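Report on the structure given below.
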Amino acid sequence: MFHLGWFLSFSTQAWHAPHSDRGGLFPNTDVYVDFARALERAGFDYLMIEDGSFIPDAYGSSMEHSLRTGFASPKHDPMALVPLLAASTEKIGLIATMTTSFYPPFLAARLMTTLDHLSGGRVGFNLVTAHNDRTAQNYGMDKHWDHSERYAIATDWAQAVTALLTSWDEDAVVDDVAAGIYADHTKIHQTDYEGSYFSSRGPLNVPPGPQRIPVICQAGGSPVGRVFASRFADTIVAPSGSIEWMKQYRTDIRAGLVDAGRDPDAVKVLFLTDFIIGDTHEDALELQRRRHAAMVADIEGRLAYMSFASGIDFSTFDLDAPVPPVSTNAAKTTTAQMFAGREHQTLREIASTIIPSLEIVGSPATAADQMEAVMAEVGGDGFLVNSPVTPRAVADIAGDLAPELRRRGLIRSEYSADTLRGNLTAY
């Protein structure tokens with residue numbers, strides 16, 4: 001069996017895309033509640049809410065394209081969505097994105113534990129370093145730290161947060177009314193964490209939640225990011241590509257987990273995957289053709305995405321000339337993938353080509369065949385659905401595909417635990 005998650009943006013849901021049913025679904029909270037309940041009925045392990053703290057303006061040195069098209073903006077804080085979804089569901093995990101660069105460790109640990117209590121142990125946190133200078137400027141800096149230092153900060157941050165989360169012994173809460181003792185002070189410890197970037201006296205002023213340490217999610221793409229994920233993550237958001245690339249990625253992560261003294265089977269690698277589901281296989285192929293044609297025709301949208309990921313304004317480049325070597329302090333892995341092996345192609349050719357990623361295209365039956373074959377070959381732990389939340393996408397994937405997977409015994413028939421960690425580690 002394998003695991004399923006959904007990569008969610010608390011933002012506009014591809015409202016202008018030709019393949020979208022209707023984009024004016026944001027910020028209607030009923031849409032997100034219905035969506036979470038549909039995923040829970042389908043047996044998904046979790047939904048993961050991504051985040052960003054800036055309006056993209058790299059393309060054309062302006063916010064105009066982002067705001068006109070609803071690209072990556074507007075975007076609400078994912079933390080506020082978690083209690084709403086937790087109160088509306090019973091089993092599915094809820095993972096919200098948190099930046100290690102700008103959340104103070106004490107604030108983060110307290111929020112993590114509070115949400116763990118409120119959700120009954122179903123929360124997780126997707127740790128990101130944030131990749132854009134605009135984000136840093138919104139938090140009072142002139143520019144962001146360089147890539148390697150961001151991960152040094154993240155490591156120090158994770159150690160500080162862990163120290164705070166474990167500052168209460170598991171049996172510190174006595175809750176003995178007759179004896180007049182709520183908590184045993186001898187089992188609650190001052191943290192006195194001193195790191196290179198963070199310090200915190202502690203202890204945390206809330207008792208541990210059901211999971212004690214909530215599930216940690218991380219997208220380890222770069223070498224230093226993979227090391228960080230191997231040390232701290234319980235589930236990893238992995239970029240997808242060729243089967244061979246996915247196999248090598250998972251092998252590399254598992255080796256890193258062993259080096260970190262961890263059980264590689266306890267950490268679940270989910271590959272970010274696009275799904276195009278039709279009533280028949282031929283219908284899905286036609287949907288794919290139309291979707292790709294629309295993306296290729298939208299050269300401005302492609303350039304804007306490339307600018308967003310890299311922080312480089314590609315509107316200033318000659319579309320019909322090869323792209324000179326570029327370097328970035330932003331999303332290094334994504335930027336490298338855009339240009340890998342394409343040194344002699346023009347910018348137009350690069351932008352007009354779909355960035356290689358795994359696509360599952362077919363009817364529910366043929367899509368299930370593909371997913372089963374991919375997992376058998378890669379040996380991986382599952383898929384993270386990369387799709388906007390539209391009625392059609394939810395119906396296709398949660399309503400039609402998931403039952404087919406369940407009939408084949410490829411995903412769970414029911415939840416076996418009450419916590420996110422328990423369900424992730426059930427198989």
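Glycine is no exception: its Cβ is also placed from the backbone N, Cα and C atoms.
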Site-mate of Thr97, His147, Tyr151, Ser222 for FMN in TrEMBL, selected among Asp45, Asp51, Asp274: Asp51
Ser222 (FMN binding site), number of other Cβ atoms within 10 Å: 17
Which same-chain residues, if any, lie at least 6 apart from Asp51 (FMN binding site) yet have Cβ under 8 Å of it: Phe10, Lys75, Asp77, Pro78, Ala96, Thr97, Met98, Thr99, Val128
Overall pLDDT for the domain 'Luciferase-like' (4-381), taken as the rounded mean: 93
Maximum Cα-Cα separation in Å among residues Asp51, Thr97, His147, Tyr151, Ser222, which the record lists as binding FMN: 19
